[in-house]
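Q: To start, I am sharing the structure in question, which I have written as structure tokens.
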Amino acid sequence: MIIQPKTRGFICITSHPEGCAKNVQNQIDYIKSKSPIDGAKNVLVIGASTGFGLASRITSAFGENASTIGVFFEKPPAEGRTASSGWYNTAAFEEQAHKAGLYAKSINGDAFSNEIKEQTAQLIKKDLGKIDLVIYSLASPVRTHPETGVRYKSTLKPIGNTYTNKTVDFHTGEVKEISIEACTEEDIVNTVTVMGGEDWQMWIDKLKKEGLLADNFKTVAYSYIGPKLTEPVYRKGTIGKAKDHLEATAFTITDALKDIKGKAFVSVNKALVTQSSSAIPVIPLYISLLYKVMKEKNLQEGCIEQIYRLFKERLYLGEIPVDSEGRIRIDDLEMRDDIQEKVAQLWEEATTESLPEIGDLEGYKDEFFNLFGFNFDGIDYEKDTNEMVSIPGLQ
Ligand code: NAD
Ligand code: NA
């Protein structure tokens, strides 16, 4: 079929298999252009199909020659309907990994469930024996608790007071004010249940109980802090409470891994255009200003540059550098004073009229459509393409 972008609200409901393959290939090429990493040999990535998780899988495979198992929740294609982009990303990743002689298998299903944890444990046992690294990169608006069957929904709300600030609809370029009402107590509990550390811990507990974790095992989950500007809706909002919980869970997990000298870390990553961040109010305006400033200073990084740096310059150094809270920081460039001062100044000036000049709205849009395989040079989007792509190592 001929596949064009079709947006609904903030998401794109179609994706292009060749474009997704190009996106993956670009990331593989980047990793191959860098010096190899002496790191893990067997890696499990939970949330492996898009964003930071996909970049983690690519870095593991093509940067460290690791065998990888990827877990994700993606929609397969149907006749006349495209798959979700993470499906096509994974198909392309596995094809390249297999060509390079690398082990790569995938599991598509709800990572929060006991069934998917069990299936993953069995696959590790059968094929890899033990794993040395688990990357936890889930971003989900809902979680069905495996013990109670209760379905929790996360929210992106401020705590205490209504928050009013500017935002941009990046599809139209309109900058306008939005107000987000303060959350309830229940919103906090729900958001922590979905995006906090409980499920991460359940994964590690399960894998440890099955004897699948190698000595010196490491696990890393991803977090975000960001600037003062977005604090009420991000770090001091409901999602921030979940990130606090995730960060605290790193210590709990480390304690439980003492006998195998295992360690759990949270890595604080940079703000980037992903399917998840596009859905957060205010953040797209911040990102479009941030990108402009970081590109001007030649400091811009995407997911793959971030994760390469995480592995090469943090995770596999003898002593892992962390901040006063024990967190790995790869948001160091974003958080630099000169960058943040400039973004704060541009924030004041941002209007529908000025944003195309002072912000990187085009860059934002371009990256957004890239997530779904669109806007890539060298791909003919008028041409018929086969949507029925399968993932070679899907279990
Ligand atoms: P993303 O939407 O690109 O990726 C989410 C992944 O989770 C996908 O692979 C998806 O298939 C998988 N997933 C979602 N629900 C699932 C489920 N129930 N079962 C199995 N898999 C499921 O998101 P992202 O932006 O890469 O976010 C990953 C992590 O990085 C999150 O913890 C996020 O908070 C964090 N982070 C993001 C940013 C940012 O700016 N995007 C910055 C710092 C940290
Ligand atoms: Na991810």
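Even glycines carry a Cβ here, placed using N, Cα and C.
Got these off TrEMBL a minute ago, pasting:
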{"type": "ACT_SITE", "residues": "Tyr234", "note": "active site, proton donor"}
{"type": "BINDING", "residues": "47-52, 73-74, 110-111, 138-139, Lys243, 272-274", "note": "NAD(+) binding site"}
{"type": "BINDING", "residues": "Tyr224", "note": "substrate binding site"}
{"type": "DOMAIN", "residues": "2-78", "note": "domain 'Trans-2-enoyl-CoA reductase-like NAD(P)H binding'"}
{"type": "DOMAIN", "residues": "81-316", "note": "domain 'Trans-2-enoyl-CoA reductase catalytic'"}
{"type": "DOMAIN", "residues": "322-384", "note": "domain 'Enoyl reductase FAD binding'"}
{"type": "SITE", "residues": "Glu74", "note": "site 'Plays an important role in discriminating NADH against NADPH'"}
Q: Using other CB atoms within 10 angstroms as the count, which residue among the recorded positions Phe73, Tyr224, Tyr234 scores least?
A: Phe73
Q: Look at each of the recorded positions, Glu74, Asp110, and point out the one with the fewest other Cβ atoms around it within 10 Å.
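A: Comparing Cβ neighbour counts within 10 Å for the recorded positions Glu74, Asp110 gives Asp110.
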Q: Please report how many Å separate the Cα atom of Leu138 (NAD(+) binding site) from that of Glu74 (site 'Plays an important role in discriminating NADH against NADPH'), as a whole number.
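A: Spelling it out, the Cα of Leu138 (NAD(+) binding site) and the Cα of Glu74 (site 'Plays an important role in discriminating NADH against NADPH') are 12 Å apart.
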Q: Round to a whole number and give the Cα-to-Cα distance in Å for the pair Ser49 (NAD(+) binding site) and the residue listed as 'active site, proton donor'.
A: 24
Q: Nearest to Gly47 (NAD(+) binding site) by Cα distance: which of the recorded positions Glu74, Tyr224, Tyr234 is it?
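A: Closest by Cα distance to Gly47 (NAD(+) binding site) among the recorded positions Glu74, Tyr224, Tyr234: Glu74.
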Q: As a quick check of your reading of DSSP, tell me how many residues in the domain 'Trans-2-enoyl-CoA reductase-like NAD(P)H binding' (2-78) are helical, how many are strand and how many are coil.
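A: Each residue of the domain 'Trans-2-enoyl-CoA reductase-like NAD(P)H binding' (2-78) counted once, the result is 30 helix, 16 strand, 31 coil.
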Q: Measuring Cα to Cα, how many angstrom lie between Lys243 (NAD(+) binding site) and the residue listed as 'substrate binding site'?
A: 7
Q: Taking the Cβ of Val273 (NAD(+) binding site) as reference, which residues of that chain separated by at least 6 in sequence fall under 8 Å from it?
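A: Expected: Pro284, Ile287, Tyr364, Glu367, Phe368, Leu371.
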Q: Do any of the recorded positions Asp110, Tyr224, Tyr234, Lys243, Val273 touch ligand 1, in the sense that the CB is under 6 Å from one of its atoms?
A: Asp110, Tyr224
Q: What recorded positions in Glu74, Asp110, Tyr224, Tyr234 place CB under 6 Å from ligand 2?
A: none
Q: Relative to the Cα of Glu74 (site 'Plays an important role in discriminating NADH against NADPH'), which of the recorded positions Gly51, Asp110, Tyr224, Tyr234 has the closest Cα?
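A: So, of the listed recorded positions, the one sitting closest to Glu74 (site 'Plays an important role in discriminating NADH against NADPH') is Asp110.
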